[in-house]
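Shown next, in structure tokens, is the structure this report addresses.
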Amino acid sequence: MSRPVHHRPRRHPGKPLPLVLLPPLLRAARTTPLLGAAVTTVLLAGIPAALSANLRLTDGVLLIRVATVLIALGAAFLLDDPAARTTEVAPTPRLLLHGLRALVTITITGTVWAAVLLLGRSAIAPEERVLLPESGLALEAGSLLLSVLMLAAAGLRVTAGTGGGLVAAPGAVLLLLTAMLLPLPDGVELFPQPLSPAWEPSRQLWAGIAGLAAIATGLLLREPRRQRRSPRVA
Amino acid sequence: MKETTRRDTTKRNMTERDQSGEGRSARNTAEPTGSPAPPTRHQARTGTPGHTRPPGHTRPHGAGPSRGAVLALARVEALRLLRHPAMLASLAGYLALWGYAAATGDPANRYPVLQDESRYLQIPLLLLAIGTLLAANLGILRGRRHGVEPLYEVLGLGPRSRTTAHLLSLLPAVALTAVLALARLGYLAAKPGAVGTVQWLEIAVPPAAVLLAGALGILLARLAPSPSVAPLVLAGLAAVTFVAAVQNTAAWRWLAIVAIEDEFAPPMPSELVGRPAGWHLLWLLALAGLCAALALLRRAPGDAPPAVQPGAGPLGTAAAAAAALAILAGTLQTRPLPANVVQARAEATEHPVAQQVCTTLDTTEYCAFPEFKGRAQDWDKVVRGVLARTPREIADARYAVRQRMFRGGVESHRDMPLPQAAWDADDLRAGTRRAVPVGTWWSEGDAGGDAAGDAVAEFSTLFAYRVVTASVPHAPRTDMVCGSRGVLVLWLAGQATDGTRQALRDLATRSSGGFSFPVLESATGLGFDSRERELAMSLLERPADEIGARVKASWAELASARTSTDRAAQLLGAPAPAQAPATDGACR
């Protein structure tokens with residue numbers, strides 16, 4: 001009579017939990033929209049750069065801004081978890097899972113955006129290239145991404161973790177276009193031209209949006225109070 | 001009898017589905033019979049619903065669903081579309097835009113020019129098109145999102161009929177947009193200061209844009225059934241619209257959803273507008289038709305090939321016809337402005353007398369393009385306000401005010417001279433020599449927008465200049481009005497009405513040093529130094545009756561070109577402003 005074999009679960013000794021979680025999270029993530037957006041934006045910025053289009057500064061900034069919006073929309077779906085209904089019972093904290101997804105989102109979109117910025121920069125005429133406000137545009141892009149993540153986090157709450165992008169992508173488009181159409185107070189502009197008087201105030205506005213969006217995203221990604229009070233795992 | 005039975009069954013299926021889920025949640029809607037097990041990944045990919053359909057079986061298109069079932073689904077989907085959060089948010093955004101303007105007194109719209117307002121209302125209503133595109137796209141993807149699309153196979157409606165129903169469900173959103181467009185126009189037309197003619201073809205653009213947006217949303221869902229596609233396409237469309245708005249003189253801008261004009265250019269009489277609004281409307285409708293036909297032609301997984309699909313032939317023909325119409329309308333709308341419109345504009349600019357009607361109010365004759373003749377009352381308030389502070393012989397003299405249309409100034413950034421010789425000859429023939437020019441913008445002066453507010457300040461200053469100097473600026477340069485004359489002109493202009501006072505104050509906040517008033521944005525204009533401006537603005541803060549009495553008492557000296565600013569301050573009982581560097585301009 002042989003002794004029973006005890007199959008122990010596979011462990012990753014010494015490996016931090018986030019690193020263990022990362023590969024399956026990446027496999028499950030909805031990366032196609034971001035991939036599509038990345039290809040589109042790289043082409044969008046790359047073609048004028050390859051053709052040495054010598055764009056004016058304003059046109060180059062417009063190009064980068066359009067690319068920023070597309071990348072942010074593509075990133076809206078990265079927080080979605082198609083298996084949310086089954087992973088709900090796992091003991092891994094929800095904040096950790098979503099935090100990891102958010103971190104991955106920021107890393108990937110940051111990389112794509114940086115590539116687009118470089119391409120867009122080289123598409124601008126050399127004499128105006130030095131005037132490109134990279135840090136200001138980065139602030140815009142970061143705020144936009146955080147706002148999209150905030151909407152996605154809100155979407156995850158109302159779709160049981162599966163459809164954050166369903167709320168974030170249309171919501172972001174609607175909010176952006178409404179903000180562009182709304183009569184803002186004098187001197188306040190969301191997308192002013194570089195070197196214009198409204199540029200500096202708009203950076204403060206974007207910084208404020210980024211701060212609010214970051215706080216809201218953090219709060220929304222936490223475990224819902226209902227679930228914390230009465231865990232479903234008996 | 002058989003047909004009746006089948007129709008009843010279909011209706012019953014629809015009704016059961018509606019009762020089981022419609023109006024509660026999207027998930028329930030997509031699950032018509034309780035809670036079936038979710039399809040496997042293979043089933044979802046291939047569209048085969050497990051054992052419900054044998055291999056090789058195709059949907060019996062020949063036994064198509066009844067029209068009633070399609071209409072029933074269309075009704076349900078129409079309600080869902082109107083109640084969709086994207087639609088509600090866009091509607092709320094549009095109403096917020098309107099409500100904000102109304103709550104702040106809507107100063108920019110107290111003097112609307114209806115031919116321009118007919119197209120201005122297109123941009124805000126694009127919000128509804130955005131909401132419709134998103135809602136229609138998500139609506140048709142609902143079944144897929146919830147993994148129950150294969151279960152639709154057991155219902156009486158095939159994919160094409162469902163697509164038809166979704167397309168029909170757009171109509172209430174189109175009607176809502178039309179109602180909002182008409183309501184907005186009615187609101188503006190009811191304003192006492194409204195002038196001009198409604199451009200009905202422009203008014204029809206927002207509903208057509210909503211129809212196109214909805215059809216595009218449905219087509220996108222059929223081509224790429226992912227909810228991420230529509231927002232990305234929408235962002236691209238928004239970018240195109242934005243670039244078209246910046247390139248507002250390029251012919252290709254007409255290929256965008258709305259074609260924007262140079263908003264700094266002054267309004268024109270409606271017969272001179274010359275926008276190909278009809279072709280643009282046809283362009284949008286043809287594109288909507290093309291999207292709808294392509295969405296209907298798009299096969300769902302497992303459907304019969306086009307050769308055996310009934311209706312594929314007529315649909316293909318319809319798609320080809322819509323594409324041909326779109327190409328035709330798209331080409332025709334990008335043609336240059338017709339020669340007769342160019343000629344008519346030039347005629348109206350250089351020789352407006354033949355086209356204008358004149359009204360005499362008290363001692364002043366006002367001549368305007370027929371659509372703008374109602375403005376004479378508004379101009380007269382300013383004229384009366386200026387003349388009220390002048391001696392009787394000045395107030396009783398005869399004056400003329402003539403409306404001018406001059407768009408060259410805006411296009412050339414104040415570099416183009418006025419056609420003064422042609423105007424002088426015209427005025428001589430018409431007996432309105434030294435007529436004071438007034439443009440087509442107007443407002444009450446308070447926050448009427450830069451151009452409309454500045455138009456009030458410009459007219460009151462030009463009329464005051466005419467009263468004080470008995471002339472109007474002619475030469476293509478900025479004539480400096482110095483010393484006491486400058487102070488008198490600015491004070492008379494500012495105190496004329498509450499609006500002119502506000503317009504001058506508003507201008508002062510946007511300029512430094514002195515004042516500059518280019519006539520109709522041309523190279524001709526009047527300039528005032530900072531000392532004259534400072535003294536005049538300080539006098540405007542004091543009671544007008546007190547200053548008015550001093551003005552009448554010392555009119556001859558104050559109106560003299562030889563009287564200095566310091567002397568004017570002394571005569572008007574105000575402290576003299578600090579000395580400023582002399583200007584190079586020629587004093588008038």
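Backbone N, Cα and C atoms are what each Cβ position is placed from, and that goes for glycine too.
Just so you know, TrEMBL annotations never went through curation; they're auto-generated.
Since we're looking at a predicted model, the values are computed, not measured.
Feature annotation from TrEMBL assigns compositional bias 'Basic and acidic residues' to B:1-25.
Annotation comment: TrEMBL describes B:1-66 as region 'Disordered'.
Long-range Cβ contacts of the transmembrane segment (B:85-103) within its own chain (Cβ-Cβ under 8 Å, at least 6 residues beyond either end) map to 109, 124-125, 127-128, 130-132, 134-135, 138, 173, 176, 180, 184. Under the heading transmembrane segment, TrEMBL lists B:85-103 (among others).
Positions annotated as transmembrane segment by TrEMBL: B:123-143 (among others). Through the fold, the transmembrane segment (B:123-143) approaches residues 26, 29-30, 77, 80-81, 84, 86-91, 93-94, 97-98, 149, 151-152, 162-163, 166, 169-170, 173, 176-177, 180-181, 206, 209-210, 212-218, 220-222, 225-227, 229-231, 234, 241, 257-258, 260 of its own chain, all at least 6 residues removed from its boundaries and within a Cβ separation under 8 Å.
Residues 70-71, 73-78, 80-82, 87, 91, 94, 121, 125, 128-129, 132, 135-136, 139-140, 157, 203-204, 206-207, 209-211, 214-215, 218, 292, 295-296 of the same chain, all 6+ positions outside the transmembrane segment (B:164-183), place their C-beta atoms under 8 angstroms from a C-beta of that stretch. Positions annotated as transmembrane segment by TrEMBL: B:164-183 (among others).
What TrEMBL lists as transmembrane segment is B:203-221 (among others).
The transmembrane segment annotation in TrEMBL covers B:233-257 (among others).
Taken from TrEMBL, the feature transmembrane segment applies to B:277-297 (among others). Using a Cβ-Cβ cut-off under 8 Å and counting only residues 6 or more beyond its ends in the same chain, the transmembrane segment (B:277-297) has close neighbours at 119, 160, 163-164, 167, 199, 201-202, 204-205, 208-209, 211-212, 215-216, 218-219, 221-223, 254-255, 257, 259, 306, 312, 315-316, 318-319, 321-323, 325-326, 328-330, 332-333.
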Within-chain partners of the transmembrane segment (B:203-221) [C-beta distance under 8 Å, separation at least 6 from its ends]: 81, 118-119, 121-122, 125-126, 128-130, 132-137, 140-141, 163, 166-167, 170, 173-175, 177-178, 180-182, 185, 229-230, 233, 257-258, 277, 280-281, 284-285, 287-289, 291-292, 294-295, 298
